[in-house]
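If you look up TrEMBL, you'll see 10-28, 49-65 marked as compositional bias 'Polar residues'. Sequence annotations record features per position, and here TrEMBL assigns compositional bias 'Pro residues' to 31-47. Under the heading domain 'Zinc finger Sec23/Sec24-type', TrEMBL lists 192-230. For 274-500, the entry in TrEMBL reads domain 'Sec23/Sec24 trunk'. According to TrEMBL, the feature domain 'Sec23/Sec24 beta-sandwich' maps to 517-609. Per TrEMBL, domain 'Sec23/Sec24 helical' is recorded for 623-719. Taken from TrEMBL, the feature region 'Disordered' covers 1-76, 99-118.
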Amino acid sequence: MTNPPPPSLGYSTVTPSNSDSSTPQPDKNSAPPPTMLPGAPRFPPPKLQQDQIPSPFFQNPNLLSPANGVRSPLPHLSTPLGPPVFKSPVRPAAVPFRTSPATPQPIAFSSGSTLPTSSPPHFLNGSVELQHQVPLATEDSTLVNESSCALFSAHKVLKQKKLTNVPSLGFGALFSPGREIFPGPQILQRDPHRCHNCGAYANLYCKILLGSGQWQCVICQKLNGSEGEYVAPSKEDLRNFPELSSPIVDYVQTGNKRPGFIPVSDSRMSAPVVLVIDDCLDEPHLQHLQSSLHAFADSLPPTARIGIILYGRTVSVYDFSEESMASADVLPGDKSPIQESLKALIYGTGVYLSPMHASKEVAHKIFSSLRPYKSNIAEALRDRCLGTAVEVALAIIRGPSAEMSRGVVKRNGGNSRIIVCAGGPNTYGPGSVPHSFSHPNYPHLEKTALKWMENLGREAHRNNAVVDILCAGTCPVRIPVLQPLAKASGGVLVLHDDFGEAFGVNLQRASSRASGSHGLLEIRCSDDILITQVVGPGEEAHVDTHETFKNDNALCIQMLSVEETQSFAISMETKGDIKSDCVFFQFTVQYTNVYQADISRVVTVRLPTVDSVSAYLESFQDEVAAILIAKRTLLRAKNHSDAMVMRGTIDERIKDIALKFGSLVPKTKLHRFPKELSALPGLLFHLRRGPLLGSIVGHEDERSVLRNLFLNASFDLSLRMVAPRCLMHREGGTFEELPAYDLAMQSDTAVVLDHGTDVFIWLGAELAADEGRSAAALAACRTLAEEITELRFPAPRILAFKEGSSQARYFVSRLIPAHKDPPYEQEARFPQLRSLTAEQRTKLKSSFIHFDDPSFCEWMRSLKVVPPEPS
């Protein structure tokens with residue numbers, strides 16, 4: 001498959017060039033060997049996505065996975081109140097169905113540090129001999145759990161180029177720069193040792209010359225000095241260096257450069273949050289919005305700084321210095337604000353950014369003073385100057401210029417947040433589009449608006465401000481026009497049905513999620529590996545470091561923001577047949593965290609190479625491979641017609657994998673899908689028929705928002721968006737995990753279906769008829785839904801409905817129609833059926849309505865491929 005041409009922004013592909021690039025090498029110092037700082041917080045400190053810490057109330061170890069979204073809120077984060085603790089255990093799925101953990105199994109780091117025979121080492125001293133080098137990583141290295149921010153599609157690499165580079169299967173990795181690691185990474189408050197030739201960092205896989213302290217780079221095999229730091233009597237002594245004993249380390253430089261100084265946690269709140277609120281809402285929407293805004297104000301910590309701006313035909317900037325009433329300065333919205341107006345605003349007597357401990361009551365008065373739209377004009381025809389309002393918000397965040405403040409620029413902790421609460425399109429002032437699509441010049445005006453919005457997003461990014469756009473209501477907001485603003489700034493755009501509960505939760509989570517700034521991702525690989533495509537929230541950065549490193553071939557990516565909810569999908573190929581016993585990958589992300597500390601996180605991975613195709617396939621991680629395939633596919637599905645084409649490529653991919661790696665069934669034209677990849681077809685079938693590529697989502701704008709979110713999302717959220725997780729409520733308050741098949745819709749049960757951005761609760765008709773049982777089951781299901789998505793961002797909709805209701809179709813359409821399969825096939829893939837009586841089986845069978853959607857087995861056989869046996 002050929003890669004699409006790389007767009008320049010956001011959720012795009014970064015197609016590596018041949019230019020050598022990296023970051024400058026830090027100045028060396030003679031610091032003593034590093035030790036862990038006692039009592040120092042781990043970096044990066046708090047993360048948003050709660051998909052990392054398993055709940056102690058779940059008993060099934062297979063369910064203690066990041067995708068479950070269960071963790072305890074950190075005490076120094078401003079977050080909405082969590083749901084009540086849910087103590088009902090979740091039972092494992094009936095065997096043989098595999099309850100796949102959301103976090104892939106740890107990478108089995110290969111043993112030994114033998115040098116690749118195809119690339120002999122270079123020595124700084126000709127008298128040095130190889131036998132004096134000591135490899136630090138051994139056969140029994142148990143370091144895999146710490147490298148979970150780098151998830152590879154396979155834990156081994158096939159030596160044969162022809163099979164490794166089969167495009168239908170592919171090879172690659174998902175890298176989450178801000179993902180929280182357990183246990184936390186080692187912290188070093190000194191400069192790293194880097195290869196003078198290629199810029200790679202010293203790591204646990206390097207060979208060390210004990211007598212001289214020289215270390216051999218695993219990327220280019222050159223020897224480097226350590227200024228005597230690595231001189232040691234034995235290799236055991238070298239393990240005192242965190243970078244030589246752990247696959248992931250964080251190098252930390254604090255803002256004031258004082259040794260041992262760690263900024264206090266409240267400094268993360270110095271970055272302001274500016275609310276930009278639509279002033280053209282009808283009364284029902286406004287009432288919901290006001291409730292959400294009041295709850296938002298109550299959720300903020302005392303140190304948080306807040307600004308409030310309203311926009312319609314004008315821009316109103318609220319002044320917190322007036323405590324007795326809601327007071328605002330008004331600017332025209334038909335054009336960008338002129339410098340004189342901004343100076344009068346910024347250097348005046350008004351206070352437009354204020355800490356909550358001093359302005360909480362004023363904020364509540366402002367929210368209570370909002371009034372519904374008065375004129376009798378349709379929602380879509382109302383004038384909204386959203387672009388001008390964001391420009392004013394940026395000006396307030398920037399504050400006085402460096403010259404006017406005598407060259408002193410206050411450095412905020414992390415990124416500032418501009419959160420737009422939009423109920424309609426931007427139809428007035430810069431970046432606007434006509435009210436009606438029938439405008440004769442609409443295509444040209446829309447193109448102009450897109451470019452203007454993208455430039456505004458880039459300007460926000462240059463000023464360390466992230467723009468999140470939270471849309472709600474029934475009025476179309478023209479997603480294609482607003483998306484570039486959020487994307488270019490490193491923010492997100494989220495659609496809501498209304499300004500109620502889900503909107504309010506996302507408002508709080510958007511403001512509280514930790515976000516680093518000035519992010520730069522560097523990827524270095526062994527010479528045998530070629531990076532062909534990167535999909536994620538960044539763009540290729542051309543950094544010339546040849547003066548420092550002679551042959552730095554790192555791929556550099558400028559990150560728009562650094563958050564735990566992100567990941568980069570990295571596709572790779574081999575340049576030729578591999579001769580060495582292992583290959584190396586090093587990921588380095590440099591950024592400023594919310595504590596105003598400069599972080600360089602270095603993650604080094606070693607994968608063994610094998611000749612056996614079977615061994616290669618057995619090391620495959622089906623879920624990681626499926627998400628890599630999904631991200632590459634969704635990148636090209638820019639509209640509905642593209643999505644239809646991409647569905648066809650999924651079919652061709654399955655057939656090609658079966659042809660290349662499977663076997664032919666004797667006396668037939670059918671191919672067996674390789675048993676080592678048995679879970680992959682099911683995941684891709686969910687992708688093919690789900691909301692990302694299928695026709696479940698009604699409006700193209702909604703699918704576009706889901707697509708952009710998915711291309712940017714962490715592995716955990718991406719997996720749930722592709723393949724829903726099905727949990728059946730049982731008597732006694734327990735839950736059983738089952739395959740996401742329609743056979744779970746049994747009339748006397750309740751089912752929870754987690755599909756990432758939506759969570760559905762389905763109550764069977766027989767259960768719903770019993771008021772007491774149904775109330776208890778619904779309460780348990782709702783509590784579970786809230787717990788497994790606690791602090792997931794964006795917060796999913798939680799919808800509950802009964803069997804036979806019109807809304808139930810949203811639930812049914814996301815389940816595989818396994819009722820169409822023969823009974824023996826149903827029992828093999830859904831063993832829970834064996835627990836039903838004959839009468840219950842008959843009743844279940846009669847409850848299904850026939851439609852043309854194929855089951856998983858029917859789809860596989862239509863491709864001339866035998867469905868894989870359930871694992």
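Cβ atoms are placed via backbone N, Cα and C, with glycine included.
Secondary structure of the domain 'Sec23/Sec24 beta-sandwich' (517-609) per DSSP (helix as H, G, I; strand as E, B; remaining residues coil): 0 helix, 58 strand, 35 coil. Summarising model confidence by region, the domain 'Sec23/Sec24 helical' (623-719) averages a pLDDT of 93. The helix, strand and coil residue counts that DSSP assigns across the domain 'Sec23/Sec24 helical' (623-719) are 67 helix, 5 strand, 25 coil. For the domain 'Zinc finger Sec23/Sec24-type' (192-230), residue counts in helix, strand and coil come to 0 helix, 10 strand, 29 coil, using DSSP.
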